[in-house]
Structure formats: structure tokens, C-alpha cells
């Protein structure tokens, strides 16, 4: 079919949420002429749910996005109202940063960044169809009949695909925050042959700040110690005038109100059909599932400096409006609170992610990529991470360059994508530290050491960032080498000082690095014995040194595991393999292999329902040029 295109682009990104923004910035910065199409320009990088960025595992993803040259970290560092490091009482593997955002300022700043980006056109328009010829993308069709040519298309439509808002018995077609739903595009994706699922998420009511009795709640301040998401942010710019959050709880009265109105709850009346998020359940779901709990935490989170809206975190609901009012007024501190917005549920279509490659390109259609909630994930951070990788790979494909696949040992982003494409998801997917088997090497503090060189190689890390990274890496390497070269001997003068500090004396000579492995010895104490570094070290370098030294044994074990898995990841499986030709593998394994079509032995080994015997048979088959027999 011959198309009359009115405009031509290298890459078209559909949807300007957190995934779409990262995808379009990546492609344009890598030199591709890019169109970012959105239903509503005023909702670019909008936060329709929680006014925050980061959190457990998610905060590390934001650091990874920044290390690769993405935008989310820099943008939140310019627009936060509170910053807090989580899990400081636990080990370094689970520490993560979380920021309360000024949500309107966050969106405005990101829009400004997009508007001034070279090679990037921002357009308010609705895309109805993705145009495909001979199994590859050639462009898109707008609702107004315009055809735009493209060599690659990235779908980042969030919850807009056939979106429906549900509030009590009210149900209507809508995207998030009462924006337009994208129904025709949802139909088009199904017609193209993609398998579609249906998920649900929700959001809590917003209440008026001046109507809250804060005396009845517990203050939750931010941190005094400077922290940032972007490796380029300076401690001197750390916000001193932070806005606190507040903690309150549900109570028995709250639970009674919910229980008495369960028959009116869309989740229980049958109105809601989509699968909801396991790790962010509605309050009515929590009351039913955890009936033995006397109360549930609720955090009151300001949505910005210049708004009265306060987000009631933990109270996600689609109960009728009158029930929501009664529920709010049953909570300590909210007895007289004014509800400014009701909570609601939203159902939406997703592309089942087992149909994707690890590049986030669909297996079915060449040049078609999907990212974010379109792939069944929840959360701004998960969306942004996918958007960045989809954008990078769309640009690399257009340019005829080698693709980028982040492994599970490279990044949390790699863990997430591997989970999605290998295991799929039956519910909105959320990243957790427990999903990462190599979490000790996927830390908040070393994201730049892991990923900045990759970002530089693909063209997203500019000269300023690269120079700063090289300085940091050299300082780290030099100081680690110095600490490993200086010996502390168990002489009287040294041991007298050690004992004065209340520590056990040395019995053998050891390096300063070995001395630092003692739990009680930090960097400051170590250098008081061996002298300071040749140049002043940033606090973040010192933190990195302490972690790498104290956990060296565990880190080495993890790296050994990575090396073993790497050998499996390097064993490729032909794309045209005939799974029916492999004798003796279990029926379940054969079915899963056909569905997922894994690209490596490593990926095949992680598929649910596949056992080691199946992998052994597969490897024998591949090594024997297509012949596999069970050995007895």
C-alpha cells in the first residue's frame, strides 16, 4: 500500500508521560529526528497519582536513568519539596532515595526541557493507527487523517489505552485525570496481532491542606544531610526549606464504614474487571485481606508549594463519593478535612510483555517498541526506565547500530525488563529489591560506576558529565589502591591509639583497606592512622569506598555468580528454532519456550515452569546441531 505522508521522522513516540519523555529525549539526543505525540500538552510528565519520585528499588532506577544520561533525576532534583533516604538502618543494598515532588513544577520543568531539545518536535495530536507494511513499522495515522512516516514507533500510552474511570457506580471512558482515552489505537494494536491484557490501578482522594488538624498527626520531615538523584547535582544546592509530610492511621470506625459499604465498592460488586496492583492495593481491598489489622498507615503528602491539595497516600479507593467523605472524616486529623478530589479506579489495556524482546521491541512487528504502563508495569520510575531503553534501542535500530540490552547484573532496569519479557506479568508489575538477585552490586551509590560508560558509548552522556565521572572514578581507584598499599603494623604506638578508640589491638600487620573491613572502622578513622588522600574526596566517594571495602567478600561472591550466568547469557538460541523438534523436554517447558521464544540459554533458564533437565536437553540439542536425546 502506498501512503501519502505529510511529515517524516526517524522515530515517533506516542504518549508524553514519564516513559514517553525519556524515550523521545533519548532518540533526539542520539541524533534522530523525533516526534513526541501527546493527547494533551498540559499533561506532559504529569503525575496523576502519587506526587513523589523514588522509593525502595525505584530510587535506584532513577539513579540508573541519570547515569545513562536520562532526565528524571535531574528534573526531580530541580523540583522536589522534600528528600529522604530510606532504609538507612539496613544494609547498603536496600538503601534508596525518595523525593516529594512539586508535581506541577515537575511537569513544567520537563516540558521546558522537551521544548528546547534539538531534533525533537512536540505535538498535541491523537494517534489512531500504527501503519505496518511487510511486518515492519512505516508510520502512524492521526485522528485528523494525517499520516506521518517513521522508521520506528515507541508506544508509551500509560493508562490511556481504552481507559475507563470507575467511581462507585459511575464508569466512563477516560484516561488518567479525566484526559481523553485512546480507544482507536487500542483497537489497532489488537488488529495488528498483539495479545492485549486488562489491568486496573487507582488513586486516593486529595484533601485541602488548611482543613487538616496537623496536631492529631505525626510529622515526617525530610533529611538534613544532602542527597540527590542526579550525579551532577551539587550539595550546595540541597534544599533547606523542605516541606514535611504527616502520618496518621485508619481506625475501627474507618474499617466499619468500608465493611458496611462493600456492596457498593466496584471492586467487589463486579464493576471492576481489570487486575489491580498487589503492592498498592485499595483501602477496601486491604480491609478485606488484612481483617486482623487494627489500623493502616496513611501519609499526608503535599502536592506542591503553591497548592492546597494533599495526597492521602494509602487510601486509594473507588468507593462512592459519599462513602469517601465519611471515610476521610473518620480519620484522626481529617475529621473536618475538605475533599478536593475524589479517589477513583482506572482500567486500561496493556500489551502482554512476553511479546517483547529485551530491547522492548515487539517480536511481531519490526520497529515497534512499547514501554511503561503499556507493558503492564506500575510507577513513574519503572515507566521512565523502560522509556529510556526503548528510546535508545529505537535510535540504535534506525541508525543500524548494535542494540543495548541491560542484563540483570547491570541494573534494576535490566532486572525489570528481563522479568517482563521472560516471565510476563499477570498484575501491575512493581520493582522490589527482592526481585534482584545481585542487589549488593546494584546499589544507589554505584549506579554511575555501572552505567555511565554505557551511556557515553551510545551518545547520551555529554562531555561535562563524562569529565566529572572520570575525575570521580580516578579518585576512587587511586584511593582504593593507596589504602591497599599502606601497611599498619602491630607496634605499640599504633595499638595504643587503637585501644584508646575502644577497639581491639592489631595482632598482625594489615593494610589500611583490611583495617577498614572491621565493622567499627570507617574511612575517617582509617585515614587518621595512614594520612589523608592526596586530594580532598567528596562524601559520595568516601561512602562508595566504605561499601566496596566492607562488603568486598560478598561483592566478590556476587561477581562470581554474574560470571557464571554470563556464560549462559552468551549462548544464543536461534530465532527460528523448531521447539517441536527437540525430543524429551517436558510439555510445559515446550509450551513456555514457544510462547516466550527465549534468545539465550540464560533467559530460557529463568522461565517459570522450566527445570534444569529441560535446559540440559536444550543445550545438548544446540551443541549437537539439532539433535537431542535424553541420557540414561
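Here the Cβ of each residue, glycine as well, is placed from N, Cα and C on the backbone.
On a predicted model such as this, the values are computed, not experimentally measured, just so you know.
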According to Swiss-Prot, which candidate in 355, 373, 399, 475 joins 15, 16, 17, 18, 19, 20, 127, 182 at the FAD site: 373
CB within-chain contacts under 8 A for residue 15 (FAD binding site), separation at least 6: 37, 38, 39, 155, 156, 157, 158, 160, 372, 374
Fewest other C-beta atoms within 10 angstroms, as judged across 19, 127, 288, which are the binding-site residues: 288
Close binding-site residues near residue 278 (NAD(+) binding site), where close means Cα within 10 Å, chosen from 17, 19, 373: none
Least buried by Cβ count (within 10 Å) of the binding-site residues 278, 286: 278
Listed binding-site residues (17, 276), ranked by Cβ neighbours within 10 Å, top entry: 17
Distant-in-sequence Cβ neighbours of residue 280 (NAD(+) binding site), under 8 Å, six or more positions away: 201, 316, 378, 428, 430
Cβ-Cβ distance under 8 Å to residue 282 (NAD(+) binding site), same chain, at least six residues away: 202, 267, 276, 316, 317, 318, 345
